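A.B. asks: This structure is in structure tokens; I'll ask about it shortly.
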């Protein structure tokens, strides 16, 4: 019997007919002398031709005689080479429907292992062909549906760990053959994984805290790598050495009707081989497609509760929380703490008893001492309790809040608590209703005084539009400078400005001579239609003053010209020194507004005024066309 090839692609190893069956395997190593190398080299073309001639001469009854003519070949090798490769009666083409139906009937009669017996009933077929046909196509348990993402993920994870051991990978995917898995990997998955990053895990830096905690704690489908040896120290605390925290949650029993949310979690710790983890999860998913989602929700719920409980210190055994019936004793040991600091976190039992771990590590249950363990939620219990998953989450938050409230209540009763010199890091607490007395809150040392709204509104607040205007002003002209708002300081500043301007430009104030009549005239022209204002600006007032004075009256009150003094610096009452104030609004003589008019040249006037021949030729018909229509009102 030849030995099975090392990298076989077939999952069934119960048949003894597995030998090298290639028609053209002549490029192998040459046979060597000695029994040590028998059967370990491929058949050459010369050996095959010689075997055919020997079979034609001697027949197929005595293979030992034929093997004598072939050195380094046994009678079994010669027989198998002829029956499985060189026999011209072998059928190597596609299978017919009659052959498939015959294989199904023979498998039902003899079972899926006796392939040599089955092959005798099929002319031209050998046992290996029948076995491959059954396992890859005819087996009713073989899935022929499209590959799912979950199956791809299992194949990807298993291939990273096992390599091309397709038979081992096929055990994780019932319903999929090793040949189908191999073809799926080579044809589709390898390219998608290597080139497109399919199913690639995110980097450790981008992982969320929930994902990191899940990888470390291995709640539902994770496996530890070392058993948790636990023993009780003389002080009564358990010392645990392990990489992962160990949890032993017993089944909930005798749930009382007083519990506001009657939820019973049956969590068992069972021994499961590590390669079969994905198969277990798939087994649950086949029965109920929605169960995977529910398991993940419950897993995240347990994980969040465990993270909150790990941050709290161990509470006394006799506590208010132990009086709640219906919660079974639960021992949660955090192994991430150093030695001597690990203790049960909380007690949720009926008889105020804190469960303890066995003193002898060997006395632990078999499932707790197993190096490969996982926490699996009982199948039947999940279906009954998933409806109350939200109530269970609220119950856990209520219990956690009650633990925090009861632990803080003892320290709040002290009259003069001592404040630590170094601030302590507070634990994250679940929000709950504060039941502290109002007087106690007001007298609390750590209480921040409430800021009343009347205090906040004592100072004026700048409206939003002014804020935007000031911000734009600062961007354009730079930061604003605060000036004193008293009248005396304003007058002094104005005097300095007037003196500086008079020194530079020689300002001459003639406002007193034609002040009041001129201001009245301006007001009349502003309130009058446009025609009057046009006549005013063409009057002799501008020529008499030579544009040297600003048109303001020295005796007119602020009410007559409300839009003149709008600046905060200039909003001051009229002082005695009016002449100096009026000088600030004069216009220097050496700044002419309009230059002297110059007559147009003879060549420029026709071109600019449209008097050239071409322009007159074009504008003449246009005028005639426009004049033909009467004037009409434009309706918008």
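Residue positions begin at 1 at the first shown residue.
From the backbone N, Cα and C atoms, a Cβ is placed for every residue, glycine too.
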A.B. asks: Could you let me know which of 50, 182, 499 shows up in Swiss-Prot as SUMO1 cross-link?
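C.D. replies: 499, according to Swiss-Prot.
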A.B. asks: If you check Swiss-Prot for SUMO1 cross-link, which of 123, 296, 523 comes up?
C.D. replies: 523
A.B. asks: Between 115-138, 139-162, 211-234, which stretch does Swiss-Prot give the note DNA-binding region?
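C.D. replies: My reading of Swiss-Prot: the DNA-binding region range is 115-138.
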A.B. asks: Match it up for me: which of 243-264, 375-396, 463-484, 529-550 does Swiss-Prot list as region 'Leucine-zipper'?
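C.D. replies: In Swiss-Prot, residues 375-396 carry the label region 'Leucine-zipper'.
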A.B. asks: Pick from 63-86, 87-110: which range has DNA-binding region per Swiss-Prot?
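C.D. replies: Checking Swiss-Prot against the ranges 63-86, 87-110, the DNA-binding region one is 63-86.
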A.B. asks: State the residue range annotated as DNA-binding region by Swiss-Prot; the candidates are 166-189, 310-333.
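C.D. replies: It is 166-189 that Swiss-Prot describes as DNA-binding region.
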A.B. asks: For the record in Swiss-Prot, which of the ranges 337-368, 561-592 is the region 'Disordered' one?
C.D. replies: 337-368
A.B. asks: Check the DNA-binding region (63-86) for me and report the mean pLDDT.
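C.D. replies: Here the predicted model's pLDDT, averaged over the DNA-binding region (63-86), is 86.
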A.B. asks: Please work out the number of neighbouring Cβ atoms within 10 Å of the Cβ of residue 476 (SUMO2 cross-link), leaving out its own Cβ.
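C.D. replies: Other Cβ atoms found within 10 Å: 7.
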A.B. asks: Provide the three-state DSSP residue tally for the DNA-binding region (115-138): helix first, then strand, then coil.
C.D. replies: 18 helix, 0 strand, 6 coil
